Amino acid sequence: MITIKSQREIEAMDRAGDFLASIHIGLRDMIKPGMDMWEVEEYVRKRCKEENVLPLQIGVDGHLMDYPYATCCGLNDEVAHAFPRHYLLKEGDLLKVDMVLSEPLDKSVLDVSKLDFNNIELMKKYTVDYTGGLADSCWAYAVGQVSQEVTDLMNVTKECLYVGIQQAQVGNRIGDIGAAIQEYAEKRGYGVVRDLVGHGVGPTMHEEPMVPHFGRAGRGLRLKEGMVLTIEPMINTGTWEIDTDLKTGWAHKTLDGGLSCQYEHQFVITKDGPRILTSQGEEGSY
Ligand code: MF3
Ligand code: CO
Ligand code: CO
């Protein structure tokens, strides 16, 4: 269902987006060589409990198993939906951290600190049906000093994100977003993942329309004021093709073993252009 959001709904998503952005800002200083990747998941869980926020990825339906964690942590050639796990980050690694969080909730309605995040069946009762303010954002982190290849990939991927967001104008079409991203990436020799796409957000995390990061300008749905979407390009150093982990059905990797990067913002389309709801306060130049 494609919905136009009310002012009240946008304000709730704004609160969720501010909280999610504060988590990414916190991770900036934590992620360094020698850190255990699992600490990323623990940090998000701790902040959620402290500030009464639901980690909405726990319990998302999957083909083989429901998603068990608050975060997706993709390392190097991992593309999306990789599980956080015990792994000591090393100098030169590229780590992508994606999550979907609620706004801080009223404790008298639900006390998140009392929930057992390891109990997926229980968590599903709160996460799957949640229709309040929510935010979805992925950010990429360089671990220590990274190679020029990683630096370039991170820069191009972030530029792809903003090139796409710039197209999210009233009257433009969905295809304008994908076409702009695809052209930007492919001109520079990168591959754009096609199997996974951006999406509408609200009332739940994955709503219509799909927002591909490739496509043809002037095609597809016309964009309207009040739509809330994500753009989340996954850009590869090599082929756009990916391979899925058949054991869990969740994690993907680049087919050729090349590196992959991702940034994701959630934004609302206004008559003055897109307004980013998950901003970390550094978008002034775009
Ligand atoms: N945050 C992801 C997205 O951008 C959704 C992950 S689905 C999950 O759409 F199951 F892994 F949570
Ligand atoms: Co996401
Ligand atoms: Co998303």
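Including glycine, each Cβ sits where the backbone N, Cα and C put it.
Note that the structure is a prediction, hence the values are computed from the model and not measured.
The divalent metal cation 2 site recorded in TrEMBL comprises H199, E232, E264 together with one of D116, D129, D136, D152, namely D136. Of the listed candidates (D98, D106, D111), TrEMBL assigns D98 to the same divalent metal cation 1 site as D136, E264. Residue counts for the domain 'Peptidase M24' (11-100) under DSSP, helix first, then strand, then coil, are 34 helix, 16 strand, 40 coil. A sphere of 10 angstroms centred on the C-beta of H81 (substrate binding site) encloses 22 other C-beta atoms.
For D136 (divalent metal cation 1 binding site), the count of additional Cβ atoms within 10 Å of its Cβ stands at 27 [all protein chains shown]. Of the recorded residues, E232 (divalent metal cation 2 binding site) and E264 (divalent metal cation 1 binding site) place their C-alpha atoms 4 Å from one another. Other residues of the chain with a Cβ within 8 Å of the Cβ centroid of D98, D136, E264, the divalent metal cation 1 site, are M99, V100, S137, C138, T230, E232, Q262, Q266.
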